[in-house]
Amino acid sequence: MATTPWFSTSDSCWLRPQHVLPLLGHGPQVLGDGRLQTTIREELAAAAAEVAPGPGTTKPGEHALLLATHEDLALTHPGMAAAVEPALVGLGPEGYVTTTHAGTDLLTAADARGLLHGFYALLRDGLAVFDGSTRREEPTCPVRMVNQWDNLSADAPMGSVERGYSGDSIFYADGAVVQDRRRVKDYARLLASVGINALSLNNVNVHGPETRLMTDHVQDVADLARTFADHGIATYLSINYAAPIEIGGLGTADPLDPQVRQWWVQASEALFAQVPDLGGYLVKADSENRPGPFTYGRTHADGANMLAEALRPHGGTVFWRCFVYDCRQDWRDRRTDRARAAYDHFMPLDGEFADNVVLQVKNGPMDFQVREPVSPLLGGLERTNVVMELQIAQEYTGQQKHACYLAPQWKQVLDFDTRSADPRAPSGAAVRDVVAGRTFARPVAGVAAVSNIGDDVYWTGHPWAQANLYAYGRLAWDPASDPDDLLHRWSRLTYPDLPDVQRAVVDILAGSWLTYERYTSPLGVGWMVEPGHHYGPSIEGYEYSAWGTYHFADRDGVGVDRTVATGTGYTGQYREPWASVYESVDRCPDELLLFFHHVPYGHELASGRTVIQHIYDTHFQGVEEVQAMVARWEQVADQVDGALAERVSGRLAEQLRSAREWRDQVNTYFRRASGVDDARGRTIY
Ligand code: GCV
């Protein structure tokens, strides 16, 4: 199929004009003239221009299709409105109802946001929902956010997009906001089509130029925010905590200083006056050399609440990140184990944050490793709004050179039972309940994730990395979703006419997270990557102490002792039973053993293998699995267009090269350290 400016990208996008065809065939009628209804009409018109079989295509006997908010429906179809009203009772503003009434298939909602979600659901799932039944759908997580780590210029310390592996920013170039907004609009459509409802517009590391987004680029920010709002998405700005100094001319950013507080009030007033679609701020403070309240001897509650006060008159929200740690510290020291940092900083402040503050907690205590335990703040914080932060970008999981479908990892985190013993948590204490706001009855809760898109023709550097963006949106909407089912759906939408390709892509991606884990760092120990850019193996790359590597491998054993009894005490941050499970070398799950314990190479895992044999076996197995991925792709590669085939084949070849490099470096390192041979006699260099 020809690509069009409207769908602008490539054959590798799940949102395609042909998915609109079934709707067009039913002569859809959209009532109401709000901005979201306009968006739906534009979608239909654009698709019709591209693929529709022509006007008046409703076939005799087929139901007409009506899309209307309940209010609009009541004006023109009062009988239908009355009939559907009971189904809408108690449904939130993003929910929608599908039903059939007197020969009309009806999509309706209390609010236009719900209508838009319902429209995209019809594109994704087709019209089979109109089977005579009445269905209600609404999102589980109230906040479903995407964070851009985009900089205004490619000269920024980490380039155009920090940890971006998909080309340059679609928002900014050469220190200015891009004026051709077609890609931005397409991105808004992509996000809306999977249910995202919030986006932050710039990198959380806010340097000089980005600080001025608040002042010098306000009109552009307003335009971008309007485009997203037209798709039901609220826009947030990452702000520089030291903005009162950097652009306000003050001598301090002390959150308790009246002048500083006033500065934020006025700056926010000016911003909201010009950017009515703004949702609020996202803040990284006191982390990786960014400024924050610690400079002034203040707490993060002081800092966040100051901003909350400035945003309150505008209905705005502060997303305040818990990724706060001293990047120059020694991780070995009991008091400074990096894993402890977020909990140590924020848990004592539980209950002190304003109700329009949300703490944004990374899924694990470290930094988006292939395997980490779940952050003890999730389920720990009870009297504070929380969103969990994931990373779609794949910084530590192959950087989109490797195929690595992350939804199974996210699902495992969402399903983790934090075991709140609190009687106020009657509806469950799994992470998915916490981020739904249910566990502690929080008004704001949800998920955020670092985006993986750029100006690449496929949006993502690896065409299949789109599956991660798609699955993130759908899991955020419904954390009970099955990652395998999402993968099938994404594959069907992305390769609609190519069933062999659909099957091959599913076969390759389904287990790719575990494959990646097998050939990289074992048993939860993490890292072992090249410092700085974080791609490829460097077993001793990160040395955090004068005494050795952070993973403490020596001739006798490997792993980090984070127990209360003899280690950093990190296990004590968990609720029971997890505190005891992780504390015990016998009860700790194999896959996290080296995160929590330093053990001899001969230590026997629950699997029955020794640690050293596990390392050898998984690294050989990981490479074999990548070889199988390459072979599976070769069976179908000639069915897709040449450019796509070449891109994927090139990435798979690099994945195989890299997997072998990981295998050889890891196995050799531990063979030499331990002096233990592979029990199966395979060659280790
Ligand atoms: C945006 C890691 C990444 C940084 C990132 C940081 C964060 O340290 O390597 O690039 O900075 O996380 O999440 O703030």
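Placed from the backbone N, Cα and C atoms, the Cβ positions cover glycine too.
The active site, proton donor annotation in TrEMBL covers Glu288. In the three-state DSSP assignment, the secondary structure recorded for Glu288 (active site, proton donor) is coil.
Sequence-distant contacts (6 or more apart, same chain, Cβ under 8 Å) of Asp367 (active site, proton acceptor) comprise Phe323, Glu395, Tyr396. Marked as active site, proton acceptor by TrEMBL: Asp367 (among others).
The active site, proton acceptor annotation in TrEMBL covers Glu395 (among others). Mapped onto three states, the DSSP output places Glu395 (active site, proton acceptor) in coil.
When averaged over the domain 'Glycosyl hydrolase family 67 catalytic' (135-459), pLDDT in the model lands at 94. According to TrEMBL, the feature domain 'Glycosyl hydrolase family 67 catalytic' maps to 135-459.
According to TrEMBL, the feature domain 'Glycosyl hydrolase family 67 C-terminal' maps to 460-682.
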Lowest local Cβ density among Glu288, Glu395, which the record lists as active-site residues, within 10 Å: Glu288
Secondary structure at Asp367 (active site, proton acceptor), reduced by DSSP to three states: coil
